[in-house]
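Novice: Annotation comment: TrEMBL describes 1-27 as signal peptide. As annotated by TrEMBL, domain 'Peptidase S8/S53' applies to 173-623. Annotation source TrEMBL lists active site, charge relay system at Asp182, His231, Ser587. Per TrEMBL, domain 'PA' is recorded for 425-505. Residues or ranges marked as domain 'Peptidase C-terminal archaeal/bacterial' in TrEMBL: 824-891.
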Amino acid sequence: MSTPFTPKKSSLLVALAVGTASSVTMAKSVIVELNDAPVAHQMFHARQAGTPMTAEQIQAQRADLTADQNSFLQSLESNGIAYTMESVDIPDAEGNTFRIDYRYTLVFNGMNIDVTDSALTALENMPQVKKVHDVRELKPMLDKSVAYTRANQVFGQIEELTAFDDHREGYEGQGMYVSVIDTGIDWSNEMFGGDPTPPRFGVAPPVAALNNNKVAYYLPISGEGMDTFGHGTHVASTAAGYLAYTPGADGVPNTADDAAVHGMAPQAKVMGYQVCNVAGRCISPATIMALEDSVSPRTLTGHVKPVADVINLSLGGPGGPDDASAVAASNAALAGAVVVAAAGNDGPGEKTLGSPAAGRHVIAVAASNDPGVAPNSVEVFNSTNTDIDASFGPFVAAMSADSNLQQPLDAPLNGFYVFAGLADTPDQVPLSVAGNICLVKRGSTVDVDAADAGTGLFANKAANCQAKGAIATVIFNNTPEPVGEVLAPAASPVFTISGTDGETLQELGYNAAGISNRKIQLNPVDASLYQPGIAGFSSRGPILGSGQIKADLAAPGVAVLAATTKSGPPVATMAHPTGYTSANGTSMASPHVAGAAALVRQARPELSVADIRAVLMNTSTNPRFADGTPKADNIMNDSILAQGSGLIDVKAAVNAKAVMGIPGDGVIEPTLLGSYSFKSLPVIDTRIQHSETVEVTLRGLGNAGDYNLSVANNRDLQIDGIDVSLSSNSVSVSDNGSTTFTVSANFDGDKVRSTLLENGQFLETMWYVIAERSDGSETLRMPFYLKPRMSEPAAVVGTQSETFNGTLTAGDQNTQAVAGVTYQDFPVEVDASAFRLVGDLDYTSNGVDDVDLFLLDPDGNQIASSTNAGGPEHVEANVIQPGTYTYRVSGWLNGPVETTLISTQELGGIAPTVSMSQADFIGSNGESIDFDGEVTISWAANGGERKFEVERSSDGENFEAIALLDASVTEFTDSELGNGTYHYRVRSLFDGKIGFYVSAPSNVKSVTIDQREKTNLTRKVSMAISNLDLSNGIFSLDMALTNDDSTDYVPLLTYRIKKIKSASGTVKVINADNGGEGSKGNHAIFDYSYQLGNDDVFSAGETTEARHIRFADPANELFQIYVKVTGYRQLESGSTTQASGASATAETDEDPSLFDQLVEVTVNPITGSVVTQLVDELP
């Protein structure tokens, strides 16, 4: 889907003149899809009924649709909607041109017209209109790779690989027509027979003259004629090229080192469709026209023509399964062709696979490596840097084939290395990298709210290192496993290694200048180190909107050697003077599968289009080692979203004894689909057990047998609370009969909680169901996918929307160098009641502008992204916490562009506000302290709750549920707690789509448990009295306490006046903390807990701050007060405490051990004297 010379989206886009220029002011080109189904649907139903339509019947139905389209166009005029029909001048071999309107009836019912922007709404509201599509700009996306697919194992004993072979012993594609929709074909290349005779051109009537034998049919819709770009030639030769010999390392043809190459189905005929111009720009109307013509028994000008058995689309662009090109491609499958498309080169991110590969009936192909692409290695020198240290490695390294000016490393390269962080922007790369190797970590600073943020593009990292003078760049993964092959065009070599190996290099250390202590050596390829896998650049699913598993299959797409043009225009093309070149991309993988489909179709003509797809998927394996052994199934293997069912095995597909899949209606879904997606379901935090079940059909293909069933984990089934079960461990199938079994995905929503999703993490469960024939002769497998997401309310309570308008002045391929210029941030305050955040970005575009959208959580983690090759962009994410979320609008390729972002919060119920029972003591830093290990929290319901869940944490970050309470219970007591700090919060549980919807957590209440025993300090403290005063019948003094003991004590520290004795009996305390007067039953209490230091400890020898004590003494008489001083000593966690419900103003004398130790203080207000003495009891 992307060109070999760009990692994501073409930057060499030039206008392609098609049809008559519109006379409508400010015209917008659109594809109008009408309501009635195209003829392909009728063809499918007729074939299913056993009465295939004849060519005449097909043409008659197309004529009826054309008449309906004419009526629609007339209604546009009568409704005042001005339009211009887009058309194209298509040449024949003689240079004559034929003007063809972009109107479709076979695989798509509609047309490509120009209308004004102001007329779009009226057009969309026309009753005949199903959908108005933007015109998409698409992009074009063998020596050992064919054998790696095991295609040659179905060839005859005498392989028919040239134009002159005719032994008819095996399956080499005889009688098959493969349509290649691309940049055209150089039919003079040796891989097409070396015959310069032109093919039959689709717009010209058949004539008696000879046509090219291999390229049997040709339709240059883009008007270019023979391929001068090379992409289509490369693709066609991979699918169906004859045997040819490419120059070896010496670059000279016809020498001993020449390499033999041939395509997957070398005897198949090729139908060439040129829909891309010389710059590699393709438009969706031309692609739809090519799809329509591929499956039509008549040419655009009404003449008989061949019909494609297989269609290959090594091109693509943004869009899902309902995009116009995806719809047309799917309908071409309904018409009877096996349709294969490149997954795209926008990996390794998810949801990067676009249209037409997203089509429901289209086989989307990922790119794997193959044994012809052995890895390089990295070796570490010893501590003296004099020799290789054998105790390290060698580390496996994958070299970007686009680096080093596309030349392999032919000699070891060694040097010191310098760590450049993420190397996302130039300032991150140290100057000391000059002349050394640049060591870089994979990742992005997209979550950094600063001008130096970038997005982690491999090519960008390499460019930043190279600009500072690095002799090579080594990128290590940010997770333990290898990165794999990546697209990183650079003049110097670029390698990737695993995260584990990268961290090892980091641990070897650096000197003060940041240069490594040890050298490393980068070696040329080493066949013994070959590790099979999916290329890092290969686009991944799932498909946005449908959730369907994509890619479907994998095939070799790294350094694939095949034919190309010998010369091309002075722009970036694939031309090479030898007529052969190696190229990377899913563009190269897709024709491997197209050729494989041709072989299966030839060998098994009884199979339907859907059966062929399912058989290819069922019989695939994990990527295989050089000896043919597949990688084991485990969570470290390539994900199902990367490889689909796996690497094709043509021999196994041709000899399949059964086929396995999910039956469908045949139109919306294939009659049998060899994969299944449960899509995304809200099963996290539901607090219930929930299962999703689907019935799988196993159908015999003429060979009865027994199959043992099992499940192989690909991702996340190892997590507690998640498992997959089968209704049976084995099944039997008759020759042409079928049997069924069920597959259940089971989730314990009490164990699978939102805590698994913290720090931007997410769950994606993927697994294979494996059916192994009891005699060991066949293994079938089927991939499954389910993405768990947070619980959701049964109904959305409400929404909150905001609109943000912005302007991006320029694009910098998402390096995000200048805030407000190449990217803009739009913060959104997300409410505590929000459960999902949805962002939709649209922008004015001139057809070239490309703007992307990222969503960051309050901690700066990227939680969603949309990087379509053209807008609009859409992101959504379930939110697990309120706070400030940030949309980042980033320019990839654009001039000044106006953007409109609509943010929508979907709301559910909220958590209550939690309060906590009064603490025994509030520390000097405001912390609540409890002495007895028992805490009570309470809250009030907001309404609609079904339950409440109490959570506790010991660190304030990692919470665990400790109680699930009915909605009528609004209080919870936690007891027998050991010493430490505890944090509490509550969630509300409402009715959910599945089980319960669990709200965001409430506010947090914290308490420190410090178990303490009350003790009498009366005999252990001395009292320092000062500032005595008698005025107007009020006597006052300042009292400080000194700890005379050798032991430290802790609050509560209280000074309790239990009795006052005077002659008149009128003396009383008037400023006690508790309001007491100092009499029996009405003690006057003064809390000295806050007269201590900041450590809240009454240390040995410490004197508290003084407190001011006032007495009413109307008679100015002598009086005695009887005082008890108490404090607490700390206990070991778990000890019994005497402080239940303790507070300074609530102490009692219930413990006899604290009753008999008092101090008598005699006060003479007249003389100002104070005398103290210890007494054992109250008088």
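Glycine residues also receive a Cβ, built from the backbone N, Cα and C atoms like all the rest.
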Novice: Over the domain 'PA' (425-505), what is the model's mean pLDDT?
Specialist: 83
Novice: Cα distance, His231 (active site, charge relay system) to Ser587 (active site, charge relay system), nearest Å?
Specialist: 8
Novice: Is it possible to list how many residues within the domain 'Peptidase C-terminal archaeal/bacterial' (824-891) are helical, extended or coil according to DSSP?
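Specialist: When I sort the residues of the domain 'Peptidase C-terminal archaeal/bacterial' (824-891) into the three classes, I find 0 helix, 44 strand, 24 coil.
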Novice: Could you give the Cα-Cα distance between His231 (active site, charge relay system) and Asp182 (active site, charge relay system), in whole Å?
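Specialist: Taking the Cα atoms only, His231 (active site, charge relay system) lies 7 Å from Asp182 (active site, charge relay system).
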Novice: Indicate whether Asp182 (active site, charge relay system) is helix, strand or coil by DSSP.
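Specialist: Going by the DSSP assignment, Asp182 (active site, charge relay system) falls within a strand, counted as strand.
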Novice: Which residue among the active-site residues Asp182, His231, Ser587 has the fewest other Cβ atoms within 10 Å of its Cβ, if you could check?
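Specialist: Among the active-site residues Asp182, His231, Ser587, the sparsest Cβ neighbourhood within 10 Å belongs to His231.
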Novice: Do you know the DSSP helix, strand and coil residue counts for the domain 'PA' (425-505)?
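Specialist: The breakdown for the domain 'PA' (425-505) reads 23 helix, 14 strand, 44 coil.
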